[in-house]
Amino acid sequence: MWLLEGRFEVRGRIVRKLGCWVIGERKSWKNLFAYIGPGFLVSIAYIDPGNFETDLQSGAQYKYELLWIILVASCAALIIQSLAAKLGVVTGKHLAEHCRAEYPKVPNLILWILAELAVVACDIPEVIGTAFALNMLFRIPVWCGVLITGLSTLMLLLLQQYGVRKLEFLIAFLVFTMASCFFVELGYAKPNSSEVLKGLFVPQLKGNGATGLAISLLGAMVMPHNLFLHSALVLSRKIPRSIHGIKEAYRFYTIESAFALSVAFLINVSVISVSGAVCSSDTLSAEDQRNCEDLDLNKASFLLRGFLDLRITPWIRNMLTRSLAIVPSLIVALIGGSSAAGKLIIIASMILSFELPFALVPLLKFTSSKTKMGSYANSIIISSITWIISSSIVAINSYYLVTGFIKLLLHGGLKTVSIVFAGMVGFSGMLVYAAAILYLVVRKNSKSAQPLWVDEAELGQNCNNSGIEINNSMYASPREDITSMQLPQTKSTLDID
C-alpha cells in the first residue's frame, strides 16, 4: 500500500514525488521497479516496420540461416544502449546536450540537422507500417492510413502530458501484446526447433543475396535516435547522487534494458521463424509462393531539443516531424501504391544507417572520457570492445551504402553522362561523409562535466520518519522537459524542482 507523506508517496524504499520517481538510498532489488520503462521505449526501434521488413525477407529467402545475425546485433545493441544510459545517469545530461557543449557552432548545426532528419526517417516506417496494418485489417487504402496515423501523435501527446511514466507503461503493454501475438503465430507455424537453434548459433551466409540481407538486419538493429532517446529517458528519475546511487541506477537500467531488448530479440526471431516456416512449406498456394518470392509488410497477411537548444514547444515539434514524415509517405502511397511505400521503408532505414556514426562516435568518446565521466569512464577493455563493435557496424553500413550506390549507377539505366556526373557528386559526398566521421573520431574532448555524485558521508541523516532519504540536494533532479510534455494551454501541476 502506498503511504502518503506530505508531497511524497512512499512504498518500501521508493518515493514518488508528484509525478517523478525518487529512489531510496538503501540497497534493495525493490528499487528495480522504479527504473522499469526507458528500456521498453527504446526497444520499439528494434521491432519497427523496418526490422519486420528485413525479417520477413530473411525468413522467406533463407529460412533460419540468418538468425545468428539477430543474436549478434542484439548483443551489440545492448552494450551500446547501456553506454547511452550510463552517460545520462552519471552526468545528468543527455547525448544531444553533451554535443552542444562540446562541439563548435557549425558542427553542432550539422549534427542538429542530421538528428532532425533521423527523427523524420524514423517516423516514415512507423507511418507506413501503421497504414499497412490498417489496410490488412480493415481494407483501408494505404494513403488513407497514412493520414490516419497523424492522429497517433495527438494521442501520444495527450497521454504524455500526464508524465512519461504513463507512456512507458503503455509502450510496455504494447510490446508484450506484440510478443504474445507472434508467439501464438509461432505455435501455429511450428518451425523446426533444431533448425532454429542451428540458425541462431551457427553462422552461415549462403546465396548471392544473403550478405545484403545480413547487412540490412545488422544495420536496422542500432539506430542513432535511440542513443539520444535512451540517454534522455534515464533523466526522468530522481536518483541518489551518491556513488552507490549512481552504480545502482546504472545496474538496474542495464538489467531493465536487457530484459526489454530480449523481448524484442524474441519477437524478431519469431518473425523470421514464422516467415521461414510458412514460405518453406510444401502446401503453399501458387499465390502465396509468389508473395514469398518478393515478401514485404503489405503482403505478409497471409502468414497470419538537442544541439542548438532550440526552444520550440514540444507538441509543435512532434507535429512538425510527424508531418514531415506523412508528406513523403502520402505522396509515395498515392503515386506508387503499397509497393513503393514498402521501398520507402528501406530508404528510411538506409538514412538512419547513414547517420549512425554521428551519434555513435560522440557517445563512445564521451563515455570514455574521464573529464566527463570521472571514475565511471569506460575501462580499456570496454572501450576496445565498443569501438570494435561500432567500427564494424559503421563499416558494414558504409559498405551497404557504397555498394548500393554503385549498383544504382551500373544498373539504373542512366546515360553515360549522367553516370559520370552522379558518380562525381556521389563519391565527393562520400569523401565529405568520411571526413566528418574522422573529425568526430580524432577531435579531443575539451569540455568537462561536473560530477553528479557526492561522498557517502555527505548523505547524513536527512530522512523522514519512515527512514526515506528525501533531501533534494542529495538527488539528481529529474528533467521536467522529459518527465512531462504538455499540450498547448495546459499548465503543469507537477512540482519536481
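Backbone N, Cα and C define each Cβ position, glycine as well.
Note that this is a predicted model, so its numbers are computed, not measured.
Under the heading transmembrane segment, TrEMBL lists 32-47 (among others). Long-range Cβ contacts of the transmembrane segment (32-47) within its own chain (Cβ-Cβ under 8 Å, at least 6 residues beyond either end) map to 14, 21, 23, 74, 77, 81, 85, 122, 164-165, 167-169, 171-172, 175, 178, 221, 223, 225-226, 229-230, 233-234, 236-237, 249, 252-253, 255-261, 263-265, 267-268.
The transmembrane segment feature in TrEMBL is assigned to 67-89 (among others). Long-range contacts of the transmembrane segment (67-89) within its own chain (CB-CB distance under 8 A, at least 6 residues past either end) are made by residues 38-39, 42, 46, 55, 58, 95, 98, 196, 199-204, 214, 217-218, 221-222, 226-228, 230-235, 239, 246, 249-250, 253-254, 257-258, 261-262, 264-265, 268-269, 272-273, 360, 363-364, 366-367, 373, 376, 378, 385-386, 389-390, 393.
What TrEMBL records for 109-134 (among others) is transmembrane segment. Listed by sequence, the residues of this chain that lie at least six past the ends of the transmembrane segment (109-134) yet keep a Cβ under 8 A from its Cβ atoms are 45, 48-50, 52-53, 96, 99, 103, 140, 142-146, 148-149, 152, 223-225, 228, 297-298, 306-308, 310, 321-322, 324-326, 328-329, 333, 338, 341-342, 344-345, 348-349, 351-352, 355, 358-359, 436.
Residues or ranges marked as transmembrane segment by TrEMBL: 140-159 (among others).
Residues 36-37, 40-41, 43-44, 47, 260, 263-264, 266-267, 270-271, 273-274, 277-278, 303-304 of the same chain lie 6+ residues outside the transmembrane segment (171-189) yet bring a C-beta within less than 8 angstroms of a C-beta in it. Sequence annotations record features per position, and here TrEMBL assigns transmembrane segment to 171-189 (among others).
Under 8 Å from some Cβ of the transmembrane segment (209-229) lie the Cβ atoms of residues 41-42, 45-46, 50-51, 54-55, 57-58, 61-62, 65-66, 69-70, 72-74, 76-77, 80-81, 84, 94-96, 114-115, 118-119, 122, 306, 346, 349-350, 352-353, 355-356, 358-360, 363, 393, 396-397, 399-400, 403, all in the same chain and six or more residues away from its ends. TrEMBL lists 209-229 (among others) with the feature transmembrane segment.
Positions annotated as transmembrane segment by TrEMBL: 344-364 (among others). Here the transmembrane segment (344-364) has long-range neighbours at 49-50, 53-54, 80, 83-84, 87, 95, 98-99, 102, 111, 114-115, 117-118, 121-122, 124-125, 128-129, 216, 219-220, 222-225, 227-228, 231, 297, 328-329, 332, 378, 383, 386-387, 390, 393-394, 397, 400-401, 404, 433, 436-437, 440-441, meaning same-chain residues at least 6 beyond its ends whose C-beta is under 8 angstroms from one of its own.
Note on the transmembrane segment (376-399): residues 76, 79-80, 83, 86, 90, 215, 218-219, 222, 246, 250, 353-354, 356-357, 360-361, 364, 367-370, 437 of its chain, located 6 or more positions outside it, place their CB under 8 angstroms from a CB of the stretch. Among the features that TrEMBL reports, transmembrane segment is placed at 376-399 (among others).
Below 8 angstroms of C-beta separation, residues 107, 110, 354, 357-358, 361-362, 365, 394, 401-402, 405, 409-410 of the same chain, each at least six residues beyond the ends of the transmembrane segment (419-442), sit close to that stretch. Annotation source TrEMBL lists transmembrane segment at 419-442 (among others).
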